[in-house]
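Read the structure below first, then the notes.
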Amino acid sequence: MIEFQLQTLLEARHVVVFTGAGVSAESGIPTFRDALTGLWSRFDPAALATPEAFRKDPALVWGWYEWRRSKVLAASPNAAHLAIAELARRVPKLTVITQNVDDLHERAGSRDVIHLHGSLHAPRCFACTRPYAGSLDPLNEPEEGRSLEPPRCHRCNGKIRPGVVWFGESLPAQAWREAMAAAEDCDLLLSIGTSGLVQPAAQIPRMARARGATVVHVNLQPESVEGDNEFSLVGRAAEILPGLLGGGEKKYCE
Ligand code: OAD
């Protein structure tokens, strides 16, 4: 049986924590691909998460993302987010790379989080791409599926779009460069709560492994692993991550 030694975690020079929707699941934020509860099992991504969808029905798309933003505003970081921020205080260097568009890592205390898929909290103009200069309503009574007219750009009067990466769009160039550099530099990468199905983000753990880093997956589902420097820890992120930090001599088994 292969075992992931906790000592490996604490002796790492540079830890990369690569997260997906599963890390926020226990804060009440739905994932995308989990059966029944995942957003993409209930909503059509082509109608909501593409530039074409926004052109066709901007109010439908804006309303959907505002509903999601309201869920994030009402949520709090969970024990997994907090453990990641704590781990950063215990190792020489830690970089958080997230595919999530929420701000729960930041609210847990993580710094300089790399957002590969943008943010619900950074809307910008669909026409001129400038960041939105106005403020968004707090949305006290969100309704799923409610259309909402997007605000207008203060500069060009274009429609404001959510600051997230849609299907068919490129990742933010600087975030991608920084993520690749961290993946190539780290000696340990924790891949937490991601299905690893969306490219190019899914390359990040592979890049780290190709450079010799140990890769540890934390997921409700077992991951298939190769070699003696890849591990799969099966369970809830909010349970496993605090356990890793407080684990002392404990060993986690594949
Ligand atoms: P997915 O919904 O594809 O995958 C979530 C993963 O988290 C699954 O593998 C679950 O088994 C796991 N999971 C669920 N709850 C968990 C828990 N409590 N603890 C640990 N693991 C848990 O979400 P992502 O991989 O993040 O893109 O999806 C990647 C991208 O696809 C998203 O960033 C989004 C989406 O389309 C954009 O918005 C551009």
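Just so you know, the numbers here start at 1 and follow the chain as drawn.
Cβ coordinates are placed from backbone N, Cα and C, and glycine is handled just like the others.
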- [ ] Determine which of Ala83, Ala85, Ala237 appears in TrEMBL for the same NAD(+) site as Gln99, Asn100, Val101, Asp102, Gly193, Thr194, Ser195, Asn219, Leu220, Gln221.
- [x] Ala237
Task: Distance from Arg68 (substrate binding site) back to Gly193 (NAD(+) binding site), taken between C-alpha atoms, in Å - done: 19
Open item on the list: I'd like to verify something. Among the binding-site residues Tyr65, Cys125, Cys153, Cys156, Ala237, which ones have a C-beta closer than 6 angstroms to some atom of ligand 1?
Closed with: Ala237
TODO: Fill in the CA-CA distance, Arg68 (substrate binding site) to Cys153 (Zn(2+) binding site), as an integer in Å.
DONE: 21
